[in-house]
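According to TrEMBL, the features are:
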BINDING   Lys124, Gln187, Gly219, Asp250, Lys393  UTP binding site
BINDING   His220  substrate binding site
Amino acid sequence: FIQDLSKAMSQAGSSQFQEVIRQELEYSMKVELDKILATAHSNEIEHTKKDLEGFKKLFHRFLQEKGPSVDWGKIQRPPEDSIQPYEKIKARGLPDNIASVLNKLVVVKLNGGLGTSMGCKGPKSLIGVRNENTFLDLTVQQIEHLNKSYNTDVPLVLMNSFNTDDDTKKILQKYSHSRVKIYTFNQSRYPRINKETLLPIAKDVSYSGENTECWYPPGHGDIYASFYNSGLLDNLIAEGKEYIFVSNIDNLGATVDLYILNHLMNPPNGKRCEFVMEVTNKTRADVKGGTLTQYENKLRLVEIAQVPKAHVDEFKSVSKFKIFNTNNLWIALSAIKRLQEKNAIDMEIIVNPKTLDGGLNVIQLETAVGAAIKSFENSLGINVPRSRFLPVKTTSDLLLVMSNLYSLNAGSLTMSEKREFPTVPLVKLGSSFTKVQDYLRRFESIPDMLELDHLTVSGDVTFGKNVSLKGTVIIIANHGDRIDIPAGALLENKIVSGNLRILDH
């Protein structure tokens, strides 16, 4: 008994001790944040205060939560009717008054990211992807085409970050005569914290020059708070808008789908969904994508970072978790307002470790927009065709969308009818192609890829004009060697290695 008692006391002691440490950390954080706020100019005080309040809430939750936030034993497959096949939704057809339905929609693009992973400075949305058109150009063209075709007024809203706001606003002037109203609002700006001390590394509010590294935009889960805080949410509700369609600006497949919109506005059972997540079938390339599960009687998005180490392989298996989140989301504006006012949007915290240029280890606390699905009523997954997920994260992706695999019409890319297989080829370009300007220099023109299954390129390789690639093509230049694929070459099931010896594959 005495042993049990002392054990219980020491356990109580350790949890009390942890609580004391937590309180001290929160107090120290508050002191530091107050010091930072004191350096703000009068015109910055209001929004800086909102940002730091939001950060404080996130930090408080970070100190409370321990380890991956899912209990693996509670994860179940979603019920049959909670993920609907797109075909079933499309089969309902469209009502005559589709224009009045469209007028209730707002398109929101997540535009906070920089093009750094592709070697570009400035917003990723300003990288040219097709015939000189940028991601942003294509988005505006798509919505303009909708508005002209149906005589509607669907606006475009860009969620920028402090990294992308200035450059994006300069570019927006060129669309002033287009038939799309464009609004912007900014994501919050949160302080990076030192991994050892758990205190902010920023000493004041400035974020230019050497202070750029002190701050970060806290992931796209921040959309709910910053959209609400900007006042834009209320304005759009006042204009009679009811749903937003949210997607990443680099997902070229994320166009407005009238069938999904109709399903939301005119639900077959009369009960409207507040949140719809488009999911699509996993392939071997998508094993890390977040998946929809049933958890404590709610649909829940589970990301790989939340999975206990022992179950990561199971999570990645294509047989057990067959679908993943495309991050194309349809959300009711009134529901965002209601939940935001009740402070009831619950998203897991993603702890993102970074090492700064000087070698300092910091952490960023982030959230993901889709994780809020469990806070909304009557959520639904829709299993959409793969064509609605066409993200351009790397120059390998860029090669696919620039090629003749796709045709461009009114800002939308569609798979060429001449392609015999519905899937895209697997393309892996080596590190010599990582930066956009290097990639462009290495192709005199984009090869014909209609009959390509697989392309791997490694080392110092360039392509002449009008090259055709078919089947499986592997091109490997050894260190110090260079391979120039001559103009007009046809490579079908070939391995090219060393100093341009072409072998049958």
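Placement of Cβ uses the backbone N, Cα and C atoms for every residue, glycine included.
Nobody curates TrEMBL annotations by hand; they come from automatic prediction.
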Cβ atoms other than its own within 10 Å of the Cβ of Lys124 (UTP binding site), all chains, total 24
Write down the Cα-Cα distance for Asp250 (UTP binding site) and His220 (substrate binding site), rounded and given in Å.
14
Residues near Lys393 (UTP binding site) in space but at least six apart in sequence (CB under 8 A):
Ser117, Asp250
Counting all other Cβ atoms within 10 Å across every protein chain shown, which of the binding-site residues Gln187, Asp250 scores highest?
Gln187
Residues that sit under 8 angstroms from Gly219 (UTP binding site) by C-beta distance, when 6+ apart in the chain:
Ile350, Asn352, Glu366, Thr367, Ala368, Val369
Neighbouring CB atoms within 10 angstroms of the CB of His220 (substrate binding site), all protein chains considered, total 23
Compare all C-alpha positions of Lys124, Gln187, Gly219, Asp250, Lys393, the record's UTP binders, and send over the largest distance in angstrom.
21
